């Protein structure tokens, strides 16, 4: 019997994530900027989306030591109608996996352009333009790897972070009515059930449990049980790690 540890986030806004955590600091050993440090810069520059991907941690049930590997991706969305009407200027450029942010208010002695290196930089600002990153490409880079590591027995997590209207829900869920606009979650679920079907045909059995929660303003809500209006508590198991107490599970 196979059990998968797979977590897909309800998109969070900056106010819901503590800025003082270790994940929000620059790692001087690797010379790479952590999610929080990049977010602070990107939010001022209106970079719409930050997608950290945690994958393939060296942790299995019964192993006391937990280590993880994190990948970070950013994505720029097209201007919305309000931004078009206000004649907004895009101050972000992307080349390969490097993101460049231009400060239009930089003084003569200040650095006008800053560059940030990510695992993935998705240019989705101009649909149909050169280098445009589609929903499918984002899923193939992030979702496929996440599902593969889950079937290898690792705990995996995709975490979407950014401002209101940045495009988090579109990247994670997409537009259900348009198959080509499906986000990471529906594409991953489709492939997940295909893989489980293959296991069943091969004579293996599996159990799939689903929970769906929302973290907003430091309150945790069970989206599969709307009648439960209480603020659920986050606990930590000595072996399994953090979990949400009384969170619904559908098998």
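The chain as shown is numbered from 1 upward.
A Cβ is built for glycine as well, from the same backbone N, Cα and C atoms used for every other residue.
Annotated ATP binding site per TrEMBL: 162, 163, 164, 165, 166, 167, 168, 169, in sequence order. Residues or ranges marked as domain 'Kinesin motor' by TrEMBL: 69-251.
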Other CB atoms within 10 A, centred on residue 168 (ATP binding site): 26
Out of the binding-site residues 162, 165, 167, the residue with the smallest number of other Cβ atoms within 10 Å is 165
Ranked by how many other Cβ atoms lie within 10 Å of their Cβ, the binding-site residues 163, 164, 169 are led by 163
For the domain 'Kinesin motor' (69-251), what's the model's average pLDDT? 91
Students should find that the Cβ of residue 166 (ATP binding site) has, within 10 Å, a number of other Cβ atoms equal to 24
